[in-house]
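Quick look at what TrEMBL lists:
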ACT_SITE  His37  active site, proton donor
BINDING   30-37, 147-150, Val180, 188-191  ATP binding site
BINDING   Gln61, Gln153  (R)-pantoate binding site
BINDING   Gln61  beta-alanine binding site
Amino acid sequence: MQTVNRLDLLRNSVAAFRANGETLGLVPTMGALHEGHLTLVREAKSRADRVAVSIFVNPTQFGPNEDLDAYPRQLAEDSALLQAEGVDLLWAPDAATMYPVGYATSISVAGVSDNFCGASRPGHFDGVATVVCKLFNQVRPDFACFGEKDWQQLAVIRRMARDLDLVAPYADQIIGIATVRESDGLAMSSRNRYLSPASRKAAAALPHAMREAITEIENGAEPGPVLALLHQAILDAGFTSIDYAALADADTLEPIDSRVYAPARLLVAARIDGTRLIDNMPVCPPAGTNG
Ligand SMILES: Nc1ncnc2c1ncn2[C@@H]1O[C@H](COP(=O)(O)OP(=O)(O)OP(=O)(O)O)[C@@H](O)[C@H]1O
Ligand SMILES: CC(C)(CO)[C@@H](O)C(=O)[O-]
Ligand code: BAL
């Protein structure tokens, strides 16, 4: 595996693959790798001759009071994991390489960025869209893999790729990978390591409560009262605050306030032990609902 932290070296490595006619998949990450990330890597490997992984803790997607400084950085350990997976190229730029003095450009994806994490983390998706656009331009992959755990992020990136003609044939080449979960159902996340053992155990109540709510909605219950009970169940489990626990259209991320008529998503962001966790799951319209 080649590890590069300069743009000219990255371009040389990519050019060498392309000179051999090889296809290239990209897996963007912020490091602190776990089985969720490695699942993305394996999917990319199954689809391409070569796989590049980026590790960059992107400062522009963190708010002023968020965990940028605390975010785990463990390049040597991550590098060993990627090497063992047979990754070809690790792109690990520093902040000055990504945002040199005078840097002035930002990408904003209207609509799909507006609600949920976009509302509770102002500017977050501008930071994500901008850095992902830069990564696509730097690596020029044939496709890129992202996790469904960050469902809204995936929708924002698909919209951007389509709108800016980034990865041909556009949104189809943004591959979404199902959320990888711990054995008790909690979605894997680099931030789970912030939790005390007791909070980590309590956090598993979140996906269970979400599944129960979804079953009721899919069986025809009114979403409003079901979501109110879900809020209470999340707080009862030991979460201290909820940014949102709501339904949205699966593609446009428009909030759904009444009945579900088309494929939807239940999206949750809530804090436990000072750590903000997110999760989401599919919701089908109840049988007999006119779509
Ligand atoms: N449990 C998971 N299952 C599938 N994909 C995942 C999972 N966790 C993260 N990913 C995906 O890995 C990529 C890199 O994510 P990132 O480095 O932010 O990791 P993370 O564990 O989501 O960290 P964070 O705690 O910051 O949310 C993203 O596309 C993300 O959706
Ligand atoms: C896509 C991403 C690598 C952009 O920094 C990040 O938001 C992440 O890890 O999900
Ligand atoms: N996985 C999403 C990156 C973030 O929370 O900033």
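Cβ coordinates come from backbone N, Cα and C, glycine included.
Remember, TrEMBL labels are computer predictions, not curated facts.
Fair warning: this is a prediction, and the values are worked out from it, not measured in the lab.
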Packing count at Gln153 ((R)-pantoate binding site) (other Cβ atoms within 10 Å of its Cβ): 23
Cβ neighbour count (within 10 Å, all chains shown) around Glu148 (ATP binding site): 18
DSSP-derived structure type at Val180 (ATP binding site), helix or strand or else coil: coil
Distance-selected recorded positions near ligand 2 (C-beta under 6 Å), from His37, Glu148, Val180: none
Subset of binding-site residues (Gln61, Glu148, Val180) lying within 10 A of His37 (active site, proton donor), CA to CA, in sequence order: Val180
Intrachain C-beta neighbours of Ser190 (ATP binding site), sequence separation six or more, cut-off 8 angstroms: Met30, Gly31, Ala32, Leu33, His34, Tyr71, Pro72
Position of peak Cβ density within 10 Å, selected from the binding-site residues Met30, Leu33, Val180: Leu33
Contacting recorded positions, sequence order - Leu33, His37, Gln61, Val180, Ser190 vs ligand 1, Cβ under 6 Å: His37, Val180, Ser190
Winner by Cβ contact number (other Cβ atoms within 10 Å) across the recorded positions Gly36, His37: His37
Number of other Cβ atoms within 10 Å of the Cβ of Gln61 ((R)-pantoate binding site) across all protein chains: 21
Gln153 ((R)-pantoate binding site) to Gly36 (ATP binding site) - Cα separation in whole Å: 16
Minimum Cα separation from Gln61 ((R)-pantoate binding site), reported as the residue among binding-site residues Gly36, Glu148, Val180 that achieves it: Glu148
Residues among the binding-site residues Leu33, Gln61, Val180 that border ligand 3 - Cβ under 6 angstroms, in sequence order: Gln61
